[in-house]
Amino acid sequence: MIKILVICGTGVATSTMVKEKIREWLEKEKLIHQVSLFQSSVAEAVNQYDMYDIVISTTIVPDEMKDYVIDGTPFISGLGGEEMYQIIREKVFS
Amino acid sequence: MSVLQWFVDLGASVMLPFVIFIFALVLRTKVSKAVRSGLIVGIGFIGINLVIGLLGDSLGPAIEAMVDKYGLELTIIDVGWPAAAAISYGTVLGSLTIPIGIAINLLLLSIGFTRTLNIDIWNFWHTSFTASLVLALTNHFAMAVGVMIVHHIVLLLLGDWIQRDIQSFYGFKQITFPHGASAPSYIVAKPLNYVFDRIPKFNKLQANQASIQKHLGVFGDTTVMGVVIGLFIGVLAGYDLKNTLTLAMQTGAVLVLLPRMVALLMEGLAPVSEAAGNYMKQRFPKRNLYIGMDSALAVGHPAVLSASLLLVPITLLLAVILPGNKVLPFTDLATIPFLIALMVPVFKGNIIRTVIGGAFYIGIGLYIATWVAPLVTATAISADFNMENYATISSLVDGAVWTTFPFIWLPGRMQWFSFIVFGAFIMVLFIYVNRRSRHKHKNNSYWRK
């Protein structure tokens, strides 16, 4: 089971939108049963981000977790979301 | 009119699913998706109501006991933005703010009055919050809609104004935050920064943000924050150990559950807000515009998070020592990052300045939140929220946001004449913002057309 964490400022607004998009994509690709999706606020994620296989953030993250996190803004601005899906796909099959 | 009244009287959890369903269909969402959207929003509403009930049941009596014991007059519970948003969307004005906001934005873009295309539909609740309070105060529906329109225009102009600092400090290209709770603080931070720059010695002070986060980071976790505040209030209320621990777990539960419930609301709104955003973007495909998004994108910045952590105890302290304040900050302690997210770029990430500026801002905000509390309570009741266990409620977001005060006070004072003041303010803001932009975009054909 691949664990994906989606984070944003509150763990409510933009992360929900990104999570829903990923969920739809996973359903379309029939990968939904290999992945569990989580969401949280960035303040909470700081203490526990390393528990997840993929961390996607729509907000700026503190330096210590920078290398671990994928920028999720393409999902909301609608530009370049394809690459994100590619990264997720690779993780799921690796 | 009576049909509409009957419909509104159904209550938010019944009315909103229909409204969202219709919006979703108008924006050409698939029927199955539209049905689900509407239902999820209604369910989110019921969830929020349940959690607000829990907050009242647990914190309400504790606060009463605390007031009896120490004479602390903190009788107004800060239910926070999740409740404020739900209350705002639960009124007729809440349903109106989405079409009105989109129409105003498109109109102002087409006449070149603003460069901001606000696709952050979710945060339109801020304008219906002010409008609902105006309605509660004046009982004048048209005036409430007028204030809503003014609020939308002011936020768009602020979006234009703050964009340059957002781009240079946060690094978001062509993105701005015309966010009701965040953007107004920018205007306050500007003169404060001017003053800070001119205080000898102080203007050179810097703080190490990494160490703040490392040592206080665990309190930034809402789970811990909620429990700690509960423990504290339990002790102050003179509860025994069992009741104190129970209260702590309950307040912790509220801070964790409330955002989850709002996430449901958001999940239901997502197809609508996405479709509306696309609709707006299609209308202005090639222009060099600023895209208005949620300032949540910025609140993860280390300077914002660190300053917010320090501001949590400061806000509680201010609430206790400021004479005349009656609000007990609670849920929105977790929302402080939003209140200061646009002060930080003005202070160039300087944490000491942000904390002092933020404390000043929130300190004044507590008085505004105290002042609007009866109006928020009345609105919550009219949106069908369960207020049995509350004396009064308020919310730091947007109760402590300075724009809340003029937007509500003026119409209460001067009725329709206040719109002359609002109009003048908008014009001054427009001229000021565009002077700067035109200067900056001298070579940009957009402004010469």
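Cβ from N, Cα, C; glycine included.
Keep in mind that TrEMBL annotations are predicted by a computer and have not been checked by a curator.
Noted in TrEMBL for the protein shown:
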| type | residues | note |
| --- | --- | --- |
| DOMAIN | B:4-449 | domain 'PTS EIIC type-2' |
| TRANSMEM | B:6-27 | transmembrane segment |
| TRANSMEM | B:39-63 | transmembrane segment |
| TRANSMEM | B:83-109 | transmembrane segment |
| TRANSMEM | B:143-162 | transmembrane segment |
| TRANSMEM | B:218-239 | transmembrane segment |
| TRANSMEM | B:251-270 | transmembrane segment |
| TRANSMEM | B:291-321 | transmembrane segment |
| TRANSMEM | B:327-347 | transmembrane segment |
| TRANSMEM | B:359-381 | transmembrane segment |
| TRANSMEM | B:414-433 | transmembrane segment |
Best-contacting stretch, by C-beta pairs under 8 Å, relative to the transmembrane segment (B:39-63) and drawn from B:83-109, B:143-162, B:251-270, B:359-381, B:414-433: B:251-270
Long-range environment of the transmembrane segment (B:414-433) - Cβ separation under 8 angstroms, sequence gap at least 6: 113, 138, 140, 143, 146-147, 150, 153-154, 157-158, 160-161, 406
Surrounding residues of the transmembrane segment (B:83-109) on its own chain - C-beta under 8 Å, 6+ positions past either end: 4, 8, 11-12, 15-16, 19, 23, 44-45, 48-49, 52, 115-118, 121, 124-129, 131-132, 135, 144-145, 148-149, 152-153, 156, 258, 262, 265, 272, 276, 279-280, 283-284, 287, 289, 331, 376, 379-380, 382-385, 393, 395, 397-399
Stretch-averaged pLDDT - the domain 'PTS EIIC type-2' (B:4-449): 83
